[in-house]
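Taking it in order: structure first as structure tokens, then the write-up.
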Amino acid sequence: MNVRDRTVGAVLALTAVSVVLRLVGLGTRIAHWDEGRVAYWILEYAETGVLSYRPIVHGPLLKLLNAPLFGLFGATDLTMRLVPALVGGLLPLVALAFRHRLRDAAVVALAAFLTLDPALLYYSRFMRNDILVAAFCFVAFAAVVRAIDVDDGRYLPVAALALALGFGAKENALAYVFAFAGAAGLLAGHRLVFAWYEGRTSGTGLGSAVATLRDLLRWGYAGARRHARAILGSVVAFVATVTYVYAPRGTIPSEGTYYSSCRGYDPVVGIEGAPTLGAAIANPLRLPRLGWYTVGSTAELYACQWITPRTDDPNPYLEYAGELAAIAGESSAALIGLAVVGFGVTLYRPGLPDDLVSFGFYWGAASLVGYPLITDIGGAAWLVVHVVLPLSLPAAFGAGALYGTGRDARIDGDTASAAVSVAVAALLVGSVLWGGYATSIAGPTDDDNPLVQYAQPSNDLRATLVETRELADRTDGTDVVLAGGNLTNPTSGGELDRRPNCADWFEITPLPWYLEAGGIEADCAPTERAVDRALADDPPVVVVTETQAGLVDDRIDDRYDRRTHRMRTTDTEYVYYVDDSQLSRPAETGAGRT
């Protein structure tokens, strides 16, 4: 077996490890607030078949993929995370696309980073769109690099499809496009600066830079002409895929509901006369209208939800940037450190800096600087994914350089230098392995875990929810009573109605996901009189905020087991009263869920 075959084998082995790491114990962590709300809406789509773009849920891709999975395997925490886990697990395969750019050791190092980096591992085990958009945009970038390097336009439709899926997962794929353009501009700047520097001694610095710029423009124009059909086909594939993913399904909501994210906004595209995907397939003459409505209204909603608010009311940028940098540094220190080393090595070695390494470093740096501008909350640890993924390229180069230094030292008989290289490598590998274990396995909900976002409930809630479902399967009537005014805020009963209708839905999330998935009936008792009436029916479970627990403590029977669980990482305690004595009674006639 030659070196190239061993490299492929190593990447395949790492990919297998990557998939296993993401699947083992995938359903053990209690759902994060964000996971819970999106999972509920996926259940809603699976039940009704109605789907349209909602910016606060991000792209519809996860809904389209998870709804059939829920039908096949059931609505569970494991099932809802399966798609991100598999996409993140297969990500190391992309390293093979860069074999012509990186040495074999760097290719293996890249696959290892994509397998083991704590941030990439944690958010591959988390149902959010971030790992999806990051992975698909990374594939798109790799395909474009291949298309350029081998001068083959057949890679361009692959890039277009991957980028479209990235947009389908989350709209911040647009940030990737901007980062790509900026990094490409800086690479062009490399060539202009080096041309000027080399021509300076002969007095032709400016002329050399201008000639280099002219050559770059000619090269780009010639490539575009050569692959014009592939470029056109890629544009069509991109638009068609985005339209398919974002197209409304089932029924079209009212304009007020559809544009509910944009209060006071007068739509330009509008939805009057817009067809659903099914209607357009039944009558292909309506496909152009579907494309116009889908792409146009999606762009409007994205702008008024995510762009306009950032310009009208800017984020506390320094605070958000500091938080992102701190989380990235604490969770992915080895990768970031090697990325700096890799970029430094290529920058100061003779000749032009390596394009791939420089591009990845600029891309990652732009993400670190740019994402605090567009995020709507602080402490959004999932944003680290968008920083460390591009930095894995210069980090792999840095790891390859470290390997080369140790190998050369061993060949030269320099035992001390070889030992130092081995020690540094062992320290880096140990750091990555320990970080992944501590954040994803040992303490995935701990408040000292840098990757845990504030809205993560405590994992000890799991046992209570399992028991609640068992009780619900054995009894008729109301299974869970939400007591006190803090948990009660009836919804409007309109198109965006959510169950339980009586509850302050976003306050109690992720409970609605578990109630809906388990077929658990819930009702509210906001006042003392309502609590008295509810307790008279002996409900299996009563839930109240810790601050209002006296409302229940003074009234409830001793047979209820009182348990306190945090609904957020560091606060928001709920008290659960569980009548587990009902588990020993015969199941009621007709009880259970179908």
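Residue numbering: from 1, along the chain as shown.
Including glycine, each Cβ sits where the backbone N, Cα and C put it.
Note: TrEMBL annotation is automatic and uncurated.
When averaged over the domain 'Glycosyltransferase RgtA/B/C/D-like' (58-182), pLDDT in the model lands at 96. Residues or ranges marked as domain 'Glycosyltransferase RgtA/B/C/D-like' in TrEMBL: 58-182.
Sequence-remote contacts of a segment are chain residues at least 6 beyond its ends whose Cβ falls under 8 Å from one of its Cβ atoms, and for the transmembrane segment (78-99) they are 4, 7-8, 11-12, 14-15, 18-23, 26-27, 31, 35, 39, 42, 62, 65-66, 69-70, 107-108, 110-112, 114-115, 120-121, 123-128, 131-132, 135-136, 138-139, 142-143, 145-146, 356, 393, 396. Annotation source TrEMBL lists transmembrane segment at 78-99 (among others).
Summarising the annotation, TrEMBL assigns transmembrane segment to 105-124 (among others).
With a cut-off of 8 Å between Cβ atoms, the residues of this chain six or more beyond the transmembrane segment (131-148) that come close are 59, 61-62, 83-84, 87-88, 91, 94, 97-98, 101, 120, 123-124, 154-156, 158-160, 162-163, 165-167, 169-170, 172-173, 176, 180, 223, 227, 356, 385-386, 389-390. The transmembrane segment annotation in TrEMBL covers 131-148 (among others).
Summarising the annotation, TrEMBL assigns transmembrane segment to 173-194 (among others).
What TrEMBL records for 228-247 (among others) is transmembrane segment.
The transmembrane segment annotation in TrEMBL covers 324-348 (among others). Within the chain, the transmembrane segment (324-348) has long-range Cβ neighbours (under 8 A, six or more residues past its boundaries) at 113, 117-119, 122, 354, 357-358, 360-361, 364, 368, 371-372, 379-381, 383-384, 387-388, 391-402, 428-429, 431-432, 435, 439, 450-451.
Taken from TrEMBL, the feature transmembrane segment applies to 355-374 (among others).
Remote same-chain partners of the transmembrane segment (380-404), defined as residues 6 or more beyond its termini with a Cβ less than 8 Å from a stretch Cβ, comprise 95, 98, 102-103, 105-107, 109-110, 112-114, 117, 119-120, 123, 126, 128, 130-131, 134-135, 138, 172, 175-176, 179, 324, 327-328, 331-332, 334-336, 338-343, 345-346, 354, 356-361, 363-364, 367-368, 371, 421, 424-425, 428, 450-453. Here TrEMBL flags 380-404 (among others) as transmembrane segment.
Annotation source TrEMBL lists transmembrane segment at 416-437 (among others). Long-range Cβ contacts of the transmembrane segment (416-437) within its own chain (Cβ-Cβ under 8 Å, at least 6 residues beyond either end) map to 21, 113, 116-118, 121-122, 331-335, 337-338, 399, 402-403, 405-406, 409-410.
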For the transmembrane segment (355-374), distant same-chain residues with Cβ under 8 A (at least six beyond the ends): 98, 101-102, 145, 172, 175, 178-180, 182-184, 186-187, 190, 306-307, 310, 314-315, 317, 320-321, 323-325, 328, 339, 342-343, 346-347, 383, 386-394, 397
Residue counts (helix, strand, coil, in that order) that DSSP gives for the domain 'Glycosyltransferase RgtA/B/C/D-like' (58-182): 99 helix, 1 strand, 25 coil
